[in-house]
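**Q** Structure in structure tokens, see below.
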Amino acid sequence: MNHLDRLERKIGYCFNDIALLKQALTHRSAATQHNERLEFLGDSILNFTIAEALYHQFPRCNEGELSRMRATLVREPTLAILARQFELGDYMSLGSGELKNGGFRRESILADCVEAIIGAMSLDQGLAVTTQVIRNWYQQLLAEIKPGDNQKDAKTRLQEYLQGKHLPLPTYEVVNIQGEAHCQIFTVECKVKSAGKIDRTFVAKGSSRRKAEQAAAEQILKELDIK
């Protein structure tokens, strides 16, 4: 059994075209044929699959409640948990700089890899098989999730925390966009102010402006130990 066979057993899916899996595991720092286009595809499929599951699971919930639960299930920390369960860091191809910086442990890289694998599965055997695999991955998470305040996304939780402390709201600014139009990486700066002075600046990246802003807000929540 080779190392990719072991990974296939962990994710519960066997590829017909193993080259798709190899590409899904390849970070942009390692090769020109990397996983960002697959990540773009997988992100959309994951959002649809989880939205459909929640729609049927919670027939009495309104759009806002469903959206918050979906955001919880598809956000970066949740995907990173799945990635660690699969031990994806042991299988990824990263450039030397990312390896030295511990990229195989970074939540954003792990989360992106999960989405890329989803995209690769859809190209390999289609949507029906892929959505079933995703549902298998999320079986316990879907069973445990419930509507409520704890489902609010990171930006909302940070905003409510600052408002409760009568502090200015954070500002988000896109400071860099890399890549071609179909697979861009956004870098966002989030500044948190207190009493008119800038206290901290946090920087995060994502495959969309929304993802980068959420990742920056998540960093601040962790720093401030806000649940």
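The backbone N, Cα and C atoms fix where each Cβ goes, glycine too.
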**Q** Need a hand: Swiss-Prot gives Asp112, Glu115 for Mg(2+), which of Glu36, Glu39, Glu189, Glu213 is also on that list?
**A** Glu39
**Q** Let me know how many other Cβ atoms fall within 10 Å of the Cβ of Asp112 (Mg(2+) binding site).
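**A** So the number of other Cβ atoms within 10 Å of Asp112 (Mg(2+) binding site) is 30.
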**Q** With DSSP helix as H/G/I and strand as E/B, how many residues of the domain 'DRBM' (153-226) fall in helix, strand and coil?
**A** 30 helix, 28 strand, 16 coil
**Q** What is the three-state DSSP composition of the domain 'RNase III' (4-126), stated as helix, strand and coil residue counts?
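**A** Helix (H, G, I), strand (E, B), coil: 90 helix, 2 strand, 31 coil.
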**Q** Where Glu115 (active site) and Glu39 (Mg(2+) binding site) are concerned, what is their Cα separation in Å, rounded?
**A** 5
